């Protein structure tokens with residue numbers, strides 16, 4: 001784009017764009033030069049320049065419209081996107097010239113450059129964040145597990161197998177996992193029902209019940225065991241009644257399972273509540289409108305999106321129940337081949353200064369727990385893939 005100083009009426013030089021009449025001389029060369037001049041200018045012309053050209057246009061009359069018609073519409077659109085060009089911004093009344101339409105189409109095909117060609121860039125604080133995260137994971141998770149496995153690896157294989165699978169240890173594994181699975185199943189059913197009631201219904205005392213759900217989180221496990229032992233002992237009416245019907249709680253596996261249910265109870269409720277709150281009532285109403293029964297609507301419309309969080313809450317409850325020690329050591333008799341669990345067996349080994357035996361039993365318990373959690377995560381992944389299909 002060429003520009004030449006013009007003498008204005010006030011004696012000061014003014015800027016004028018190249019006249020449209022010069023296009024007749026070397027049309028193809030002029031078109032290419034104009035287009036190459038417009039390419040770097042589009043998207044960079046400030047709105048002040050547009051208003052300045054508009055003022056010059058009004059000052060020098062309608063003939064300036066043909067001179068400034070090339071750049072002003074594009075500059076106005078680039079400087080203030082979404083706004084309609086005002087009268088005098090290079091617009092003519094009547095039919096648009098062919099050359100102007102051609103240049104408008106060529107310029108409209110220009111795409112803006114990407115913001116960054118580098119690709120993925122970390123924010124300035126990313127190194128600090130990653131350092132803290134990696135340090136936390138190493139100290140809290142990786143280093144303890146590696147230390148346990150490294151200490152267990154020092155044991156000869158024959159001794160490791162004999163200590164890990166001795167009858168007392170195998171029975172303790174069975175009691176631990178069976179009671180933890182039973183506690184997780186109970187919490188899955190009743191935790192789901194309680195979460196549904198707390199979200200869907202409004203009744204007196206709902207807030208108090210909702211706050212009491214978190215009580216096992218705040219209560220020390222030893223206090224929980226003492227509370228359960230006091231409530232279900234043979235000195236209370238409830239304890240004597242349960243013992244009379246053949247369901248004694250204290251010093252039995254039932255007491256172990258109840259202690260696990262108590263400490264892992266909030267996980268299912270707190271996992272299910274947000275998902276139930278986000279469910280749209282219109283979906284259930286649409287199922288009823290289409291003739292579905294309440295049970296059919298629940299199993300086909302409401303239950304499928306609730307299965308992943310229910311499985312997650314159940315897995316968390318199982319993990320918490322499997323590692324419980326403080327309440328169970330009080331409510332159970334801790335006798336071998338009766339109600340002894342693996343965490344209590346590890347504690348007994350430590351009391352006898354049998355550190356190698358405690359390490360071996362802990363390693364086996366860790367391996368079985370890890371396999372179960374990987375299985376649960378795999379089931380969740382399959383469910384998510386099925387949902388996406």
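A Cβ is built for glycine as well, from the same backbone N, Cα and C atoms used for every other residue.
According to TrEMBL, the feature compositional bias 'Polar residues' maps to 18-32.
The annotation domain 'ABC transmembrane type-1' is assigned in TrEMBL to 173-376.
Here TrEMBL flags 1-32 as region 'Disordered'.
Under 8 Å from some Cβ of the transmembrane segment (130-150) lie the Cβ atoms of residues 359, 362-363, 366, all in the same chain and six or more residues away from its ends. As annotated by TrEMBL, transmembrane segment applies to 130-150 (among others).
Summarising the annotation, TrEMBL assigns transmembrane segment to 170-199 (among others). Here the transmembrane segment (170-199) has Cβ contacts under 8 Å with residues 206, 209-210, 213, 253, 256-257, 260-261, 264-265, 267-269, 272-273, 276-277, 306, 310, 313-315, 317-318, 321-322, 336-337, 339-345, 361, 364-365, 368 of the same chain, all six or more residues outside its ends.
When Cβ-Cβ distances below 8 Å are used as the criterion, the transmembrane segment (211-232) is approached by residues 194, 198, 238-239, 242, 249-250, 255, 258-259, 262-266, 269-270, 324-331 of the same chain, each at least six residues removed from its ends. The annotation transmembrane segment is assigned in TrEMBL to 211-232 (among others).
The transmembrane segment annotation in TrEMBL covers 244-269 (among others). When Cβ-Cβ distances below 8 Å are used as the criterion, the transmembrane segment (244-269) is approached by residues 175, 178-180, 182-184, 186-188, 191-192, 194-195, 198, 213-214, 216-217, 221, 224-225, 228-229, 232-234, 310, 313-314, 316-318, 320-321, 324, 327-328, 331-333, 338-339, 341 of the same chain, each at least six residues removed from its ends.
As annotated by TrEMBL, transmembrane segment applies to 325-346 (among others).
Here TrEMBL flags 358-379 (among others) as transmembrane segment.
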